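Chemist: Let me give you the structure first, and then I'll get to my questions.
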Amino acid sequence: MSDADERNSGPGGRRPLTLRGGSGTVQQSFSRGRSKSVVVEKKRKRAVSPKDAAAQGAKTTVPTAKQAKESPLAAKARELGLSEEELISRQRAIQRARAEAAERAAERQKAEEARSERAEADKRKLEELKKREAEEEIRKEREAAEAAAAAEAAAAQAAMAEDGDAAPARKDPAKAKDKDRDRSDDAESALEEMGGRVKRKGAAGPGRGTPAVARQKGSDRRRSGKLTIQNVLEGDEGRQRSLASVRRAREREKQRRQQGGGEREKITREVVLPEAITVQDLAARMAERAADVVKYLMKQGQMVRVNDVLDQDTAELIVSDFGHVVKRVSESDVETGFIAEDDPEDTKKPRPPVVTVMGHVDHGKTSLLDALRATDVVAGEAGGITQHIGAYQVNLKSGEKITFLDTPGHAAFSAMRARGAQATDIVILVVAADDGVMPQTVEAIKHAKASGAPIIVAVNKMDKPDANPNKVLQDLLQHEIVVEQMSGDVQAIEVSALKKTGLDNLTEAITLQAELLELKANPDRPGDGVVVESQVEQGRGSVATVLVKRGTLKRGDIVVAGAQWGRVRALIDERGQQLKEIGPSQPAEILGLDGAPEPGELFAVVENEARAREIADYRQRQKRQAATGSGGGASLEQMMARLQQSEQQEIHVVIKADVQGSAEAIAQSLEKLGNEEVHARAIHAAPGGVNESDVMLAKASKAPVIAFNVRANKQARELAEAEGVEIRYYSIIYNVLDDIKAALEGMLSPEQRETFIGYAEILEVFNITKVGKVAGCRVTEGVVKRGSGVRLLRDDTVIHEGKLKTLKRFKDEVPEVRAGTECGMAFESYEDIQKGDLIECFEITEVERKL
Ligand SMILES: Nc1nc2c(ncn2[C@@H]2O[C@H](COP(=O)(O)OP(=O)(O)OP(=O)(O)O)[C@@H](O)[C@H]2O)c(=O)[nH]1
């Protein structure tokens, strides 16, 4: 303090103290922001010290009494640059602070004393405790010794007297453990008695007791409760377990409890097993640790990782060995309930009929469909350009509706039927009045009859002068189509698609037929139906035209269509109008699927994305399996076995085309290319550009990618380059077929053709040492060549076929011997030759085969 003052007073005498600057901020004794008061304290000291007062008195006796009374304070105030009142209040504050500090110090002192007393008491108690424990220990040892002795006596093994000593010694470790536990328990209770905090969780070790000891030892330390190395070392000698040892003990106890508890509370679960499951998934389903499953399999000699897939049998074994119950499910179970059961009759409401137009080429199917489209009474109002989406609905004047499937030709019809989609209710058979029943008309009749859909005959081109409807009806009789005019039940309507006549009669006939069929569906349920057409369009993604058969399909619904799924982003009709929902028999384009489903595949609304993904994944797997023709089992062994079994060789190709139709057409044509030895198979045929997944599929199947009127995107191109997958671009279907055909021909094993070159007769047989039997022959016909194939004929029967070892003229090896010349011949590893045998000589030539 004085130092500070001296520093404050400059060399040139005392400067008045100011509040600014560091002069008064002596913080050692009055910390926490009371620095200013320290400056003032010095002045106050001077003022109150008797010595100073005397000096001051001596100095100030000269002035008046009033001055003398005022001067000390006033002078100081002046010196400090403060008013007298300020100085007084400051001095008071200082006094107060001092008093408080003194009080706090006293309190601290008291607290310290109390603490040390407590620590002392703790120590005493612990010592008592120790003493008790020591006694207990001695007692136990004594007891153990007695017990051992008793046991010995009972066994009457006096000779083994040393065992009596050894017994307690043997028991020691166990006992020591018990002792430790007892000791720690005792310590805990004692501490609790003392109001100490004892954590009961796990095995409480003596380490918990140390804080008490530490407190007693380091009474001057504020953090004496903390366990330090020193504390532990200096602490109670009898309880020197390290923190780590306590932790270990606790961990052991925890494990013991877990294991014991686990066994006791073993819950048997019903584990659902699909056809294939990963180790991790299996462990999760059993609520076991994956590591345990891996360990189990290791013991069985199988090295697996958690992500490895197990088959159902292996998984079942594991599940039962782990004590759970197996419930096998087939993968196809995911599809259960995908297409819901039939609705109760009372929920169904009438729905418009779905009509397909079929007939011979150029009989006017397209023209008729266009003409019917034009009859729509609301089409004009709505405006918009109609687009081909594969299906459209016509609103009749009567208010009724008819849905037409705009995919003329029975190929599309049968393709749909082949996929189990009976979308058509009524078939319109178009027959040109001037042409009559033609081969494709007959085919169409067969398809229609097979589907069970009633037929309505539309006798078209009635405007033509040479139209002869009666002939048409007569011809139809031969194919068991008996029209109403001939007392049958099939309606026949005369129309002209060109002149648009008879169309009303036709639509009327359709509605009449529909009424007879009593077409009904429940509109108040999630929608399902059939995919009519699909393709991937630039900028729109995959677009599928669907026809709802039951329920209502809304925008935002999650649908699964074939192996594709997605949330319906938009519903668009053929006039390009956005719809919010579509009901039974209503077609619309849907956007939002993750791929193009195949025409004829069923679609349905599912409750959530997870379910949609599950079904779609399953179906994609199925497709892939069907495409690769494997019944599962991808191991090398199984593959080799398959290869050995099958003599047929296959070329796999991945086909991507601009539209589904082309993809299918190429795929079908390819399949027709092969023969019994080689053939080609499209493992994937879909519309859309070539993407990475196509390349990967091609890579996996060692197949080239055929890109028909489509291109590969950049990533796919790069991947194909990196993986060595060939992408072939085509725009003419015949070129695709030619190339594949050439490749197949290349795979055909060349034909081996045999050409006879000569005969030789054996005149004599010589037995030559080291060489064996040699035939002395004369070439009777053609030429005999070394290295060519030979047959040995005896009485016109082939008794051996092989090669010549030697061909000699006198003593020289010669390449060939001509007719009329004698020579020596020996067979390769064949000796049974006789005089009079004939040797036939031939050459094999390989000829490339064609398909
Ligand atoms: N005169 C006359 N010609 C018609 C009529 N209907 C269609 N045509 C003509 O017949 C030809 C074939 O008609 P499309 O509608 O293309 O026949 P299609 O059955 O769809 O033919 P494909 O699609 O090749 O199977 C066209 O030139 C039409 O103009 C009709 O009612 N009267």
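All residue numbers here begin at 1 and follow the chain in the order shown.
Glycine too: its Cβ is placed from the backbone N, Cα and C atoms.
In case it's useful when we look at the structure, here is the feature table from TrEMBL:
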- 359-366, 406-410, 460-463: GTP binding site (BINDING)
- 97-145: compositional bias 'Basic and acidic residues' (COMPBIAS)
- 146-161: compositional bias 'Low complexity' (COMPBIAS)
- 168-186: compositional bias 'Basic and acidic residues' (COMPBIAS)
- 248-267: compositional bias 'Basic and acidic residues' (COMPBIAS)
- 350-520: domain 'Tr-type G' (DOMAIN)
- 1-81: region 'Disordered' (REGION)
- 96-267: region 'Disordered' (REGION)
Chemist: Cβ-Cβ under 8 Å from Met462 (GTP binding site), same chain, 6 or more residues apart: which ones?
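Modeler: Result: Ala433, Pro469, Glu494, Val495, Ser496, Lys499, Thr501, Gly502.
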Chemist: Mind tallying the compositional bias 'Basic and acidic residues' (97-145) by DSSP state, helix then strand then coil?
Modeler: 49 helix, 0 strand, 0 coil
Chemist: Please classify the secondary structure at Asp362 (GTP binding site) using three-state DSSP.
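Modeler: Note: Asp362 (GTP binding site) is coil by DSSP, not helix or strand.
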Chemist: Hey, what's the Cβ neighbour count for Asp362 (GTP binding site) at 10 Å?
Modeler: 13
Chemist: Within 10 Å of the Cβ of Gly359 (GTP binding site), how many other Cβ atoms are there?
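Modeler: Gly359 (GTP binding site): 29 neighbouring Cβ atoms within 10 Å.
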Chemist: Would you count the other CB atoms within 10 A of the CB of Lys365 (GTP binding site), including those on all shown protein chains?
Modeler: 25
Chemist: Please compute the mean pLDDT of the model over the domain 'Tr-type G' (350-520).
Modeler: 86
